[in-house]
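Asks: Okay, here's the structure, questions in a sec.
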């Protein structure tokens, strides 16, 4: 397709989406206040006057409440979010000054998939989301908890984040793309995080979620629109990558087909048969006289059929009978006596014993043996002249059955029955021939075997180069014995017809190709289950399940440079520069990169008039010669503070500063909990009210006002019954690739891009997958022949991982 046509189509798509974005399809938005039916909610919310009268506004009171979506609303929300990469949350809010609270939260159990929070104490807006199964937080410094009305709109387009406040673009960031496929059970909360945390105090109006590009236009129609959006661009890139993959696969299949055709054109293999040491070519026929069969070699297999005997047209004075050594019956004269017809060899008892021979009854002079039974038990067998006792063993007399048949006794006679694997040749089963199960296809030999007929049975022989699996199956190689298998070292290898199968040993899980040790209680914080119920913990954690963080600072494992101090982090630590020092940009782990700040050279000192600034390690001093100008006063915010003067900072009522000899010293307000007028905002530790306590995120522990704790990579503080949490401060890094290991909160430098969590993809650095297909950097695919293995190209490196849940289900 010509490039100009593509550009025209792209312009049409963008224009159409822009128009739709301005009009906002009602099917692609959710009015949260309407869906939650706040008009009929009485506990914790009250309808009040809003910024305008076009919609209802509600006051969220400082009481326990549960404002969340009904199941049908949650399901609607899940469907709207599914596979969406463009969405905007907007609302008009008036937040109580200096408070913290969650405006909107979409969560499932403890996982926040979308959460917008405003913190008054830290003066920032926070966006919480999930990426790659891990929580992420974007902290956007802005004071919204000031008691004034604000319009807020947070827009996400793939990895592009926009924050508008009062129709002004406040922040624009690149983030990790959030997970939008919400799991079943997800719930929407308004004005709180869950039942017990994050209560918003103030008024909310016009709460909506828009699932289209440029959703902020609904709130601020005069703002500029973006086309294409980040999501549009990424969709286009993904489409190109998909087409590239499809073309590569089709090329690979075509090359394989051409190779196979070339092999077939050059291949001619005649299949022969070998019987009793003789070699027969394909379609050769021969007579197996011993077994009365006609045999033919067909494609390497012997097919035999019993000879078809011609129909006998015996004369009226003869009967067809079997003659020893012949396959077909012949006509022999019959005998008639007293109306009874006798065939050749049959006997009849008259006054004497006679046998039919050549159409004549010949007298037999054999004497009958004496009987040792009563006369009532005497019986006359068929075609015999001598009586016998009932229960007589007819089979013990002269053999009548051939070697391949067995004699069976009956009341008055004995009959012959063919043994297993044989069939009658002469009709009465006295003469039996072997059944050729191979030729008759009555065998159970599987692939890679040759059926070999044996007297009364058959055998499945492996073709050359194959080994036996069982009585009926063979495999090409002894994969298990030779080590030519792909079973995990913790799997059991079994040879099969197709090659081999792998089964994980007890205590391990997987598909046999990959077997992972199974620990019933799991290994926390990135621990590895190395053997059944045995964890190996990563550095920084300990315990049988790696559940305990090691405080490297408190345990004395770390010795930071004297220009820095040790700060413990979950699973790690870092040396933070002390006051008066800053990092030189190399960010050494031990703090050696902390160097003195020269306040004199930078003119950040407070020395006044004729006093001279003298730089000191970690600070400065003011040296003034004697004279009237050496007052020791301090310049501050464009004014002057006198030597010895004490004051409270205008922007921080909890900090007290003093001027001494030209230098300003600031500290937190000293707290006297015995003073009934103590400021509880600055001295929360003096607040003993039960209502000022905070429940931690697990709902298991209470904290007093002023207490601090760490939870899920966030630093939390309880202030007058309100818990405010913000992301832990992490040290800066100067490396190309970083990774946050499981259980840790801060990134570390890694040299392998496969380990990197945050990576800038260079589309010039492509990868070749196992099938020879070229992949762009950032592309993700499933490994051929391994549906549970996912691979990604990271700047020229192929990085693959195995999904254990998938292995267990396949």
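The backbone N, Cα and C atoms fix where each Cβ goes, and this holds for glycine too.
Note that the structure is predicted; figures quoted are calculated from it, not measured.
Pasting the relevant annotations from Swiss-Prot:
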| type | residues | note |
| --- | --- | --- |
| SIGNAL | 1-21 | signal peptide |
| DISULFID | 395-407 | disulfide bond |
| DISULFID | 401-416 | disulfide bond |
| DISULFID | 418-432 | disulfide bond |
| DOMAIN | 434-475 | domain 'EGF-like 1' |
| DISULFID | 438-451 | disulfide bond |
| DISULFID | 445-460 | disulfide bond |
| DISULFID | 462-474 | disulfide bond |
| DOMAIN | 476-516 | domain 'EGF-like 2' |
| DISULFID | 480-493 | disulfide bond |
| DISULFID | 487-502 | disulfide bond |
| DISULFID | 519-529 | disulfide bond |
| DISULFID | 537-546 | disulfide bond |
| DOMAIN | 549-587 | domain 'EGF-like 4' |
| DISULFID | 560-575 | disulfide bond |
| DISULFID | 577-594 | disulfide bond |
| DOMAIN | 596-631 | domain 'EGF-like 5' |
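Show me how these features fit into the structure around them.
Replies: In the three-state DSSP classification, residue 395 (disulfide bond) falls within a helix.
Residue 416 (disulfide bond) is surrounded by 21 other CB atoms, counting those within 10 A of its CB over all protein chains shown.
Around the Cβ of residue 418 (disulfide bond), 22 further Cβ atoms fall within 10 Å across all displayed protein chains.
Away from its own ends, the domain 'EGF-like 1' (434-475) comes close to residues 291, 293, 295, 301-305, 404, 419-423, 495-500 of its chain (Cβ-Cβ under 8 Å, at least six residues beyond either end).
If you take the C-beta of residue 438 (disulfide bond) and look for same-chain residues 6 or more apart in sequence within under 8 angstroms, you find 301, 302, 445, 451, 452, 453, 458.
Around the Cβ of residue 460 (disulfide bond), the number of neighbouring Cβ atoms within 10 Å comes to 20.
Counting every protein chain shown, the Cβ of residue 462 (disulfide bond) has 17 other Cβ atoms within 10 Å.
Taken together, the residues in the domain 'EGF-like 2' (476-516) have a mean pLDDT of 85 on the 0 to 100 scale.
Counting every protein chain shown, 19 other Cβ atoms lie within 10 Å of the Cβ of residue 480 (disulfide bond). In the three-state DSSP scheme, residue 480 (disulfide bond) is classed as helix.
In the three-state DSSP scheme, residue 502 (disulfide bond) is classed as strand.
Mapped onto three states, the DSSP output places residue 519 (disulfide bond) in coil. Here the Cβ of residue 519 (disulfide bond) has 20 other Cβ atoms within 10 Å, regardless of which shown protein chain they belong to.
In this structure, residue 537 (disulfide bond) belongs to neither helix nor strand by DSSP; it is coil. Neighbour density for residue 537 (disulfide bond): within 10 A of its CB lie 22 other CB atoms from the protein chains shown.
Listed by sequence, the residues of this chain that lie at least six past the ends of the domain 'EGF-like 4' (549-587) yet keep a Cβ under 8 A from its Cβ atoms are 525-526, 538-542, 593-597, 599, 617-619, 710, 713, 728, 730-734, 741, 743-746, 748.
Sequence-distant neighbours of residue 560 (disulfide bond) (same chain, 6+ residues apart, CB-CB distance under 8 A): 566, 575, 590, 591.
Note: residue 577 (disulfide bond) has non-local neighbours 563, 564, 583, 591, 594, i.e. same-chain residues 6+ apart with C-beta under 8 A of its own C-beta.
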Asks: Nearest by CA distance to residue 480 (disulfide bond): which of the disulfide-bonded residues is it, out of 407, 416, 418, 460?
Replies: 460
Asks: Rounded to an integer, what is the Cα-Cα distance in Å between residue 487 (disulfide bond) and residue 401 (disulfide bond)?
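Replies: Cα-Cα, rounded: 56 Å.
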Asks: Out of 395, 418, 462, 502, 537, give those disulfide-bonded residues positioned within 10 angstroms of residue 529 (disulfide bond), comparing C-alpha atoms, in sequence order.
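Replies: Cα within 10 Å of residue 529 (disulfide bond): 537.
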Asks: Around residue 493 (disulfide bond), which residues of its chain at least 6 apart sit with Cβ under 8 Å of its Cβ?
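Replies: Listed in sequence order: 479, 480, 485, 487, 500, 501, 502.
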Asks: Taking Cα-Cα distance, which of the disulfide-bonded residues 401, 416, 474, 519 are within 10 Å of residue 395 (disulfide bond)?
Replies: 401, 416
Asks: If we count other C-beta atoms within 10 Å, could you say which of the disulfide-bonded residues 432, 445 has the fewest?
Replies: 445
Asks: Let's check the environment of residue 401 (disulfide bond): how many other CB atoms sit within 10 Å of its CB?
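Replies: By my count, 21.
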